[in-house]
């Protein structure tokens, strides 16, 4: 079909390009005249393509169409006029001229919001639904018959820009192309617009955008966001005109404490806080404004309103001076009417428009190798001197106080003051959940409420995934070198070490972890994990492979490992920070971005970790943290089409459900570390003192809340009674108490529901006939404390012999002296296979048993000795995929190379019978830990 495109802007350019791709012939483009020597993007593109371009300043004179204009138009022979965005009045002689007439795009759901400021009024009226209409042009103002409409949800904090960029721009382009397709196929409808519900509002101008303070907070918020960025809602205060941007009603946890800002006519004075400017409606509800434009045009963070000019100017290096001159040249190209760009040159006062902001940002990104820069940065630093200062700070990675705002919960604990974030972390910012929903996180030591934590909704998950996807596809993370990525992870590990005591205290407070153990393991191993994987960043390499077709053309196969994309990380409550680190460090090292869902009962260290990623300079959107329920957040991550991998640690039942969701949604990769019932076999020829010591650790380490805990001990008959006697003796020495006390051995269980399950578990064991030697009850004190417990005479058919307690419950069974195969059969008679152990001084027995045990990890004469360099994961229904180790980075291998899983079972100098044939691809990765010198 022959089409005339009448309009302007990037939107018009995109519609034009898509119509040509569809095979339509664009016979002419009619756009606005050049402004300040700059051509409109639509006209520029058409001229490049050799399409005739017409730039009429006007189409009519004294109410009559200009004959010359009509002649030039008619000479093109257009069959349809397409008006994607047009600010000129087009005569009906042109509108009705083509065989198919004319269609127009309008950014509202007609008949609502007719007129030129439709997006503004959609927001000002607080509409819950927005969208666009494509209609047949007539002689009225946006009154023609409807051809096509599409709607979207209007989010509470949407502005004109966000609504336009998220939906109206991309979907509007598709809608225009679809409308033309329907016309070409003869299927385009003509539906008369109903008059019921029709509205018309005038053009929003600066003089009409003054804020009326005598209305509720929501109405004021809608007015501000409806005028953001153009023309800008304003008020008079401090003897100047102030324009407000970036408004939100998400004020949960904000305290209106700070410097007051008297505003004439306002119900109450505003308050400048570290989060921004708090304003009040006549209903006493709060809203928050994050940016203010001063009367001289300078945009500042609202939190800095009373702070003056801030820090002194940076002194630029020679390299930075060269970059500044290159950026100056870019300003000169964008602002051709400016004779010379000086430090005082204001981008907008020199004639720049919103399209020029996009152009400047993209040019600077190209100059600075993908530097993270946003349109907002240009508004915040509109003079050339300020812009260069902002640019250099970003290039240096400076983290100035005030560049991000965190609403902390402060608490004096463990001889220190904790500063704990409690909001969602999305796109590099801490924000409230949709609807300001929250939940309580509980201190298991006394059952008290620590604080309120933001509770994410499905829309929040979608925002986090979108932020992670954008950071992966368009952000700095994918553009920096692997070595620079490693440098950032090393910096993050250093910050975690600097905050080690604070992180360990939060683990004790929120998860009940014994503080001394948290220092060493929960936090200590987390730091080691990030350092280990930081070192792998620039060592993820492909291969060069000789192939059969190498001659005569010297063909060659090259493989390259690439990150998979957005990874969803769903972590358990027993090691909140360590499990986060095990999964996240590998993902980040490989270049992926992540959305982390910590357990709802232990959210605080994950949120503190998020804060440290900001301080480390990890780009926005690379790490996102959503504390919330598995049924909502975890399910949405599993179902989300933009998530490419899920890493999950938790129950087998939930793991199966996640695996199914991953398959059905988009066949996303998945790794699962699931339930366990790890057997520990203790032979009579062992070092009994060590067996007792390690046997205690295998069960009671971290209060038994340990995925590889020995779920069942098999003790050889001849030493059984002595082993039990010594264990009970040691159990009675254990101090159960406050996890922050330095001499505490055993803290509270993680949460109340888990405590109740442990009580029920032990009651069932007694009912089935097992002998309860000690424990089995709740400790009579505040909090969720449970007595270390020992059962003997446990038979294979019993519930406690088959099911995991995930608590401080030792299950002991006898086996006949010398009957190795029988005890192996009993140990393997489970669907779980996460870990296992054997104690013996006989090297042949150790090798034989470790080879036959069906588990991902075999401990020999030791237990719980995991290491960041060794792969960790299970067999059977304990899951698949591995954490830790150098083969486990989440990457995609590009080529037709078949990648095999090779058994890695380090046994010091001892050969491993499973490693003899490394070509077998049916093997699973297994780790064996041998305590040197014991055999």
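Cβ atoms here come from the backbone N, Cα and C positions, even for glycine.
Look at TrEMBL and you will find 88, 89, 90, 142 tagged as (6R)-10-formyltetrahydrofolate binding site. The Cβ of residue 90 ((6R)-10-formyltetrahydrofolate binding site) has 6, 59, 81, 83, 102, 137 as same-chain neighbours under 8 Å, each 6 or more residues away in sequence.
Counting Cβ atoms from all protein chains shown, residue 106 (active site, proton donor) has 23 others lying within 10 Å of its own Cβ. The active site, proton donor feature in TrEMBL is assigned to 106 (among others).
What TrEMBL records for 142 is site 'Essential for catalytic activity'.
For 318-395, the entry in TrEMBL reads domain 'Carrier'.
According to TrEMBL, the NADP(+) binding site annotation covers 571-573, 597-600, 630-635, 650-651, 757, 804-806.
Feature annotation from TrEMBL assigns active site to 673. Around residue 673 (active site), the C-beta neighbours below 8 angstroms that are at least 6 residues distant in the chain are 648, 649, 650, 707, 834, 872, 873, 874, 878, 879, 881, 883.
Annotation source TrEMBL lists active site, proton acceptor at 673.
The active site, proton donor annotation in TrEMBL covers 707 (among others).
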Request  = Check the binding-site residues 89, 806 for other C-beta atoms within 10 angstroms of each C-beta and report the one with the most.
outcome  = 806
Task = Starting from the Cβ centroid of 88, 89, 90, 142, which together make up the recorded (6R)-10-formyltetrahydrofolate site, report each further residue of the same chain whose Cβ lies within 8 Å of that point, ordered by sequence.
result = 83, 86, 87
Request  = Among the binding-site residues 571, 632, point out the residue whose Cβ has the most other Cβ atoms within 10 Å, with all shown protein chains included in the count.
outcome  = 571
Remark   = Averaging pLDDT over all residues of the domain 'Carrier' (318-395) gives 84
Ask   = residue 597 (NADP(+) binding site) has how many other Cβ neighbours within 10 Å of its own Cβ?
value = 29
Query = How big is the Cα-to-Cα gap, in Å, between residue 600 (NADP(+) binding site) and residue 142 ((6R)-10-formyltetrahydrofolate binding site)?
reply = 50
Key: Within the domain 'Carrier' (318-395), residues counted as helix, strand or coil by DSSP   = 49 helix, 2 strand, 27 coil
Rounded Cα-Cα span from residue 106 (active site, proton donor) to residue 571 (NADP(+) binding site), Å = 46
Ask   = Using C-alpha atoms, which one of the binding-site residues 597, 632, 757 comes nearest to residue 89 ((6R)-10-formyltetrahydrofolate binding site)?
value = 632
